[in-house]
Amino acid sequence: GATIMPGTLWCGKGNSAADYLQLGVWKDTAHCCRDHDGC
């Protein structure tokens with residue numbers, strides 16, 4: 001399974017977000033990870 005940093009849904013291997021707009025508790029960090037995943 002995916003390993004995601006606690007408090008985020010996008011930082012780590014894969015993501016656990018239900019959709020693109022879902023970020024988790026640490027929104028600024030998750031936003032950066034989500035943008036990086038899209039590269």
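Even glycines carry a Cβ here, placed using N, Cα and C.
When you check Swiss-Prot, the disulphide partner of Cys11 from the set Cys32, Cys33 turns out to be Cys33.
The Ca(2+) site recorded in Swiss-Prot comprises Trp10, Gly12, Gly14 together with one of Asp28, Asp37, namely Asp37. Here the C-alpha separation of Gly14 (Ca(2+) binding site) and Cys33 (disulfide bond) works out to 10 Å. Under the three-state DSSP scheme, Gly12 (Ca(2+) binding site) falls in the strand class. Other Cβ atoms within 10 Å of the Cβ of Cys33 (disulfide bond) number 20 in total over all chains.
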